[in-house]
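Q: Here you go, one structure.
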Amino acid sequence: MDEKNRQAALSGIATTNYYAKDASHQPRHDRTRAAISVLKPVIACVILFACFYINIWTFITGPTLESIESTHYDDSSSTVATQCPAQYAIAPHASPDITKRNIKILFPSAEFRNLSVRRLSGAVQIPTVSYDDNGPIGEDPRWNVFFELERYFRDTFPLLHESLEQEIVNVHGLVYTWHGSDPSLKPILLTGHQDVVPIQQDTLSDWKYPPFSGYFDGTYINGRGAHDCKNNVVGIMAAIEALIEAGFEPRRTIVLGFGFDEESPTLMLGAFHISRHLKRVWGDKFGDSLPFALLLDEGLIGIQKKYNRTFGIPQASEKGMLDVKFRVHVPGGHSSNPPAHGSIGILSQVVSALEDSYRPNFPSTFTSNNPYYYQIHCAAEDNHADMSSVLRDAILNQAGRPDVDHPKLTELLVKEDPESDIYLHTTQAITVFNSGNKANVIPENAEMLANYRISNEENISIVQKRIVETVRPLVEKFNLRLIVREEDDDDKELPLNSFSISWWRRIEPSPVSSHRSSPVWNHLAGVIKHVFDEPGDGNDVIVAPTMAVGNTDTKYYWDLSEQIYRFGPVRIWHDEGWGNLHSVNERIALDAHMEGLTFYHELIRVFDEADLAH
């Protein structure tokens, strides 16, 4: 209600005569006037109540899309706070001779590029595969290949191994410490993993080059692990080797941690033990403060195009994860005398129920609790971004209530940018279904696995509750006993006529690292711009946080740093196939590898000079 109408309504209430004479003794026109007089306060109260209700409802739910659209965003207005502060490239200032020697001369040279091919190719040729069913170290010979990779690193990067302290953690974990001259400065931690995913034998004929050849075709280094994650590990080591050779001596300590089971996270043999080792070594060196100023791990391809703009997207958090096993045990028998519903049929109905309830159970939400919110806001605030005016205005006018989801806005965002949706909700995927082994036998047992990637708007207990609520009606329909277990129940016999849900693997959504006023974030963003900015109006990199939809080894490091980011220092347009991660023909462009090497080189120098005390 506007002020004029509000005053009129209040005036009507104030002038109403509640003590009028009996209307039956008044003339007709007087009775009409009296009736109107009596109705005035009622009407005014109804209007006031309606306005109050609408305001409260808007406060709770946020404005409708129509109301958001009706206000055109004015970037000169102080009523809408910017969500994307100004950013500046940050280059090292000390030791300009190192910049000249390495950045200007060495790295672009054909000799060094050829050396970089040989280094990465050699690492790819060592098949450091980790399998989910690997046995204990020392008993399962499949672990022994990691000894070969360790020897390769020692031979390939001799200066690093001479200058840095090396520690072996749980046989194959590699920890290197480059001690700085100022122990009062918090160190930085750079991490990656040595292992790679297996090759599916039935895809061997689909590989253009043998999967562990490391073949360089003039543009790409090809092979399993070329992109994930030996590109990062070799790039970090090569950057440090070049810095040592140039005479660089750090003030701030740099620690490297390379696990060996990231691709098989149930094993908890690599990064888990490295994190506990680092906790013992560094945990109390800075009082109650977490010991590492920055932890940077592998991440999504870090330089991408969105809305026709270049974005650098360190992942400031990652989704949680829950693996769920469903099992059913009912009578089986001969296929000539089938029951109305066998184990496969019952479990198939469970699959249908889960998929039918998937989006109602896990709707998309778009709020500032999710780092991805800021990436979209940065695009909306940028005049060069190719975004519709309707979506731009709707996003910018949400800034007044960024912590509240506006369903119409979320719907519009997903409609115009479908790729956004996986960042906005918990995902569900049915991944394994096992039952039966003969055509004429009805199996007693059936089981399946489902994988959930949990958004940071939710948590494990919420997802578990919704799963149970979805499945319970079917369990009751088939008159089965429902058993919910807190762990994998493969070793437990399932009673006849029962259905079990077991929570197999689980990780809560990660904490969200600072990405607005933190000096660490500002320097990370500055290095990204320094390395990846391109000349020309609108070609600079907008650095904005996002969320990792998968999981990394950072899940073990939460108690080591408040500033944990995941970042792949690669421009996506070097390979529109995302390097075929985890697929046939995995590869990395040499140009992309060189950019990553340069990024780590400059990151170490910039953070060595940075004042991160506040």
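Numbers run from 1 along the shown chain.
Cβ coordinates come from backbone N, Cα and C, glycine included.
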Q: Need one residue: from Glu249, Glu263, Glu602, Glu609, the one TrEMBL lists with Asp228, His582 for Zn(2+) 1.
A: Glu263
Q: Quick one: which of His193, His329, His334 does TrEMBL put in the Zn(2+) 2 site with Asp228, Asp297?
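A: Matched candidate out of His193, His329, His334, per TrEMBL for Zn(2+) 2 with Asp228, Asp297: His193.
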Q: Between Asp195, Glu263, which of the recorded positions has its C-beta surrounded by the fewest other C-beta atoms within 10 Å?
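A: So among Asp195, Glu263, the recorded positions given, the one with the fewest Cβ atoms within 10 Å is Glu263.
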Q: Within the chain of Glu262 (active site, proton acceptor), which residues six or more apart in sequence place their C-beta under 8 angstroms from its C-beta?
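A: Set apart from Glu262 (active site, proton acceptor) by at least 6 residues yet with Cβ under 8 Å, we have Ser130, His193, Asp195, Cys229, Gly270, Ala271, Thr552, Asp553.
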Q: Highest Cβ count within 10 Å among the binding-site residues His193, His582: which residue is it?
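A: That would be His193, with the most Cβ atoms nearby.
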Q: Of all the binding-site residues given, Asp228, Asp297, which residue's CB has the most CB neighbours within 10 A?
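A: Answer returned by the neighbour count: Asp297.
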Q: Enumerate the residues of the same chain, His193, Asp228, Asp297 excluded, that satisfy the criterion Cβ within 8 A of the mean position of the Cβ atoms of the recorded Zn(2+) 2 site; list them in sequence order.
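A: Other same-chain residues with Cβ inside the cutoff are Thr191, Gly192, Cys229, Asn232, Val233, Glu262, Glu298, Thr552, Asp553.
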Q: Cβ within 8 Å of the Zn(2+) 1 site's Cβ centroid: which residues qualify beyond Asp228, Glu263, His582?
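A: Leaving out the recorded residues gives Val196, Val197, Gly225, Cys229, Glu262, Leu581.
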